[in-house]
Amino acid sequence: MIWQKAGNVIEKARKTGALHPISATTIEHEVHNVHFTYHLRNQLAEKKPHQLTQTSNPFLPHEAAMFVDSLGDNHKVLLNKFPVLSPHLLVCSNTFINQSQALTESDLNAWHDVLSENNASQTNTHRLGFFNSAPTAGASQPHRHMQVIEVQHPLTPFMEAFQQWLPNKTLSLRYSSPMQLYQAYQEALQRLSLLRPDQDSSPHNILLTEHNIWLIPRSDVQYLGIYANGLNFSGHFLLKDQTQLDWLKTQNPFDILAKLIKV
């Protein structure tokens, strides 16, 4: 059981110091009856991976203390070494595949397997997958990896808000099986014109729930110093200091995210 194994690995990694959670204060904020969660980093918090200079691939070879389980012949599950939320799982390809290439059916099946195992509806949380296809979309590593976390609030209000405010600029589709998930993904890539002749995809984020896939084309990774990856489109913002938090509280976060969507 992947999630049970993840819990055991997290506990051990915390005890040994291998896991480096980002220390942050959580502030709940509501805009247009939609819940946002702001994470204010403590001053001495560990830097995020995209703020570190890394010359090696942390997924190949992976750090033994971060390994959770194998997923068939093509994928493995690792812990995010620098989590803001826990558990934070990474579904990585066993061999190097560029993050900017379109996902394969095998990628989506592995991602969905982790997302759907022991459905989180049994608790007060919601399982959420997110994918950052390129640095412009918030990717910190070029090695193929999809991510899964548990959040307190559902994704649906965010999908509905962007469908209303930016119609036809993002696309969410329902699916009922892994096969339908891959078909929905292919359809979304085509309808949003995200495929390129060089086999790389244009920068975008994917958010995945057990029955919905949402693709978001990206034009920029940040606005006025606030960086955004796929997780931001579910209402989570990691803020570096009190100044950013105070400013964000005066803004409509939907407007900020809209500025980062390719239109």
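The count begins at 1 with the first shown residue.
Here the Cβ of each residue, glycine as well, is placed from N, Cα and C on the backbone.
Listed in TrEMBL for this protein:
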DOMAIN    2-152  domain 'Ap4A phosphorylase 1/2 N-terminal'
ACT_SITE  His145  active site, nucleophile
DOMAIN    164-260  domain 'ATP adenylyltransferase C-terminal'
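When the domain 'ATP adenylyltransferase C-terminal' (164-260) is classified with DSSP, helix, strand and coil residues number 35 helix, 27 strand, 35 coil. For the domain 'ATP adenylyltransferase C-terminal' (164-260), the model's average pLDDT works out to 96.
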